[in-house]
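Read the structure below first, then the notes.
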Amino acid sequence: MLPRLGGTALSLLPLLLLLLGTGGRGARAEVLFRCPPCTPESLAACRPPPAAPPSAGAGPAGDSRAPCELVREPGCGCCSVCARLEGERCGVYTPRCAQGLRCYPHPGSELPLQALVLGEGTCEKRRDAEYGASPEQVADNGDDAEGGLVENHVDGNVNLLGGTGGAGRKPLKSGMKELAVFREKVTEQHRQMGKGGKHHLGLEEPKKLRPPPARTPCQQELDQVLERISTMRLPDERGPLEHLYSLHIPNCDKHGLYNLKQCKMSLNGQRGECWCVNPNTGKLIQGAPTIRGDPECHLFYNEQQGARGAHTQRMQ
């Protein structure tokens, strides 16, 4: 259940975290990326910390709201948001799961990366060595190796290959081998996405294979971005993320259409710009603003659709 990421701040950071988290057994070494520090101006622009959503038994008075676990916005954002709770949907573009939880794709998902990109993961209790499992169990945990999201810590330290311990971290240079493994994984994931859900090896192939479903424009654009990431060269030690800032990762919904709101990643503690697009074509909706916040795209989309309907009636 990949991140469908609908409607939240888009950032290239979580995607790279996810992709690097697919390294499997051969990529357990750690690579550290430090988010740029937040300026006083960016922190001052943040809204007051949110409260936890009301519980199921909340009364009409609405006084049952309690402080939630605050985490940093997806990517390198500076403001605080509520962490996702156990059982809630999660993905690349959503706030991370609460302490002790991790975002996992559905166990039966053939495309765990795609599921997390679509926001179709679920916050579950962590199954790695830090929370009681043995190293052997970690190595054999298919879900963790193939699609688990690593955490984007509030203190700005982001561990790209899983784990949160501070001791024994390897320098970035030692992660280049793991990045090569990461490229192979992404390339293989890309191939699988193009096969339309072909059966795993070891199972009998059906006699008649259905033709793969046509890829939507948003899915095609996402495929192209993943392909570019898989072939990127990282010649220096500035960190993998700095090579991704120029890329725009499309925000697709679970049906493969563009989400109305598209956003650039957060950079240097400043929120990325957001704009509104047509869900079918990805083209800008005329008259909608491009702002560092919520442009309320549904209002402009409904207005556009209403105008088209009125024009059609006049033509008939």
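Even glycines carry a Cβ here, placed using N, Cα and C.
So that you can see what the record holds, here are the features copied from Swiss-Prot:
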SIGNAL    1-29  signal peptide
DOMAIN    31-126  domain 'IGFBP N-terminal'
DISULFID  CYS35-CYS76  disulfide bond
DISULFID  CYS38-CYS78  disulfide bond
DISULFID  CYS46-CYS79  disulfide bond
DISULFID  CYS68-CYS82  disulfide bond
DISULFID  CYS90-CYS103  disulfide bond
DISULFID  CYS97-CYS123  disulfide bond
REGION    189-217  region 'Disordered'
DOMAIN    215-297  domain 'Thyroglobulin type-1'
DISULFID  CYS218-CYS252  disulfide bond
DISULFID  CYS263-CYS274  disulfide bond
DISULFID  CYS276-CYS297  disulfide bond
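Looking just at the domain 'Thyroglobulin type-1' (215-297), the mean pLDDT is 81. Note: the Cα of CYS252 (disulfide bond) and the Cα of CYS123 (disulfide bond) are spaced 20 Å from each other. Most Cβ neighbours within 10 Å, among the disulfide-bonded residues CYS38, CYS79, CYS263: CYS263 holds that distinction in the structure as shown.
The secondary structure of CYS68 (disulfide bond), as reduced to three states from DSSP, is coil rather than helix or strand. Checking Cα-Cα distances from CYS97 (disulfide bond) against the disulfide-bonded residues (CYS68, CYS82, CYS90, CYS103) with a 10 Å cut-off leaves CYS82, CYS90, CYS103, in sequence order.
For the disulfide-bonded residues given as CYS82, CYS103, the lowest number of other CB atoms within 10 Å of the residue's CB is seen at CYS82. A straight line from the CA of CYS68 (disulfide bond) to the CA of CYS79 (disulfide bond) spans 14 Å.
Looking at CYS82 (disulfide bond) and CYS103 (disulfide bond), their Cα atoms lie 15 Å from each other. Of all the disulfide-bonded residues given, namely CYS38, CYS90, CYS218, CYS263, those whose Cα is no farther than the 10 Å limit from the Cα of CYS79 (disulfide bond) are CYS38.
Rounded to a whole value, the Cα-Cα separation of CYS276 (disulfide bond) and CYS263 (disulfide bond) is 9 Å. Nearest by CA distance to CYS103 (disulfide bond), out of the disulfide-bonded residues CYS38, CYS46, CYS76, CYS123, CYS263, is CYS123. Here CYS38 (disulfide bond) is positioned 9 angstrom away from CYS76 (disulfide bond), judged by their C-alpha atoms. Taking a C-beta cut-off of under 8 angstroms and a sequence separation of 6 or more, CYS297 (disulfide bond) has the following same-chain neighbours: LEU260, LYS261, CYS276, VAL277, ILE285, ALA288. The two recorded residues, CYS263 (disulfide bond) and CYS38 (disulfide bond), have Cα atoms 19 Å apart.
Using a 10 Å Cβ-Cβ cutoff, CYS78 (disulfide bond) registers 23 neighbours.
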